[in-house]
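Data block below; observations after.
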Amino acid sequence: MSAPSKKTLATPGVKNIVLVDGVRTPFLQSGTIYANLMPHDLARAALQGLLNRTGLPKDAVDYIVYGTVIQEVKTSNVAREAALGAGFSDKTPAHTVTMACISSNQAMTTAVGLIAAGQCDAVVAGGVEFMSDVPIRHSRKMRKTMLSLNKAKTLGARLSLLGSIRLAHLAPELPAVAEFSTAETMGHSADRLAAAFGVSRLEQDEFALRSHMLAKKAQDSGLLSDVISFKVPGKDIVSKDNGIRPSTMEQMAKLKPAFIKPHGTVTAANSSFLTDGASAVLIMSEEKALAMGYKPKAYLRDFVYVSQDPKDQLLLGPTYATPKVLEKSGLTLNDIDVFEFHEAFAGQIMANLKAMESDWFAQTYMGRKTKVGAPPMEKFNTWGGSLSLGHPFAATGCRLVTTVAHRLQKEGGQYGLVAACAAGGQGHAMVIEAYPQ
């Protein structure tokens, strides 16, 4: 790991914005210990964990922004409900954002914007996802009938509407992790992407196994210090992620393709699993953090959002976002000491790494003369990733940023880079700079 250089990304006259600390609930496979909770329960636990970790006075927060992807209809502004439940002042505004798998990244950059604009000095950002219980709707015809029943004035009108209900009307609409614009599931798209870049099943399984082994090592070594213990009502205290399961290549090879059958390469073993979890970070102006006696973990520096074709480039956000954020920061790939990329699928990650190493792709699709260059694996997701730790859609972004801050501290690096893809063909990248120790 390179020693911190003298160069910093601080800009004279521009407010420095810092990550003070970040926490998350244990990320658990959906349908397990969190199954009887609601999303705001997990979000509240993360917020309370952040308050406990930082000792922050609840009325010192100017604003709260939370991300979520699949909304619970009873708590559509989950930021506000979780904040009230966690005991924040009812005078603290809160709103919820959604941007698929980069929802909490959007929450964090919204916080950065509020502070940079002078609107706030201290903002809590986070994200929550709860896949154990998702909204399942009646069919459109059934919904129309029920709404008409509600308005019907006479018994005859009601009986007529009830008589119009057919068995087919009772079939529910199940939510799918699919693109609205293309109707393709993300797994199917990941399989096509892996094939387009020549990523073999063996390469995907090897990458997934690496993720699980590194996550297990990090967990056993106590490196995942952002994880807080959470007492689940009526159950035990949960204090660690439960999806980390190092297997063997032989076991993984036995699994059948999950999306494109029978010849696809994406399987349950080399994909991230449906996960419940929440995360929260405290973001402040450096001046305010120091005035309150905090020692920040990192500076949040430049960031970008990108969008591509959602059909054939759905999951290539990191490839497009990485060079843009590096150019914005005046850095090169070699300046980055720590990389944390979101792993939705092993095939998606491997395809991004191959795209970043391709002059042809850079010239044909990105308008660049030469390739971006791929991160060296010894700096890449070395404490595991979404494949092993889990991926609660809207909570992953904060985990990535907090992990970069912790790795920079542990490894003595200066710059880290977070990158992630998201549904809709969108993506994000951010540069993080270690706070002087």
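Even glycines carry a Cβ here, placed using N, Cα and C.
Among the features that TrEMBL reports, active site, acyl-thioester intermediate is placed at CYS101. As annotated by TrEMBL, active site, proton acceptor applies to HIS391, CYS421. Taken from TrEMBL, the feature domain 'Thiolase N-terminal' covers 17-287. Look at TrEMBL and you will find 294-433 tagged as domain 'Thiolase C-terminal'.
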- Message: Return the residues near CYS101 (active site, acyl-thioester intermediate) by Cβ distance under 8 Å, restricted to its own chain and a separation of at least 6 in sequence.
- Response: VAL69, HIS342, ALA344, HIS391, PHE393, ALA394, THR396, GLY397, ALA420, CYS421, ALA422, ALA423
- Confidence over the domain 'Thiolase N-terminal' (17-287), expressed as mean pLDDT on the 0 to 100 scale, is 97
- Query: What is the Cβ neighbour count of HIS391 (active site, proton acceptor) at a 10 Å cut-off, with all protein chains included?
  - Reply: 26
- Secondary structure content, the domain 'Thiolase C-terminal' (294-433) (per DSSP, counts of residues): 60 helix, 35 strand, 45 coil
- Item | Local Cβ density at CYS421 (active site, proton acceptor) - other Cβ atoms counted within 10 Å | 34
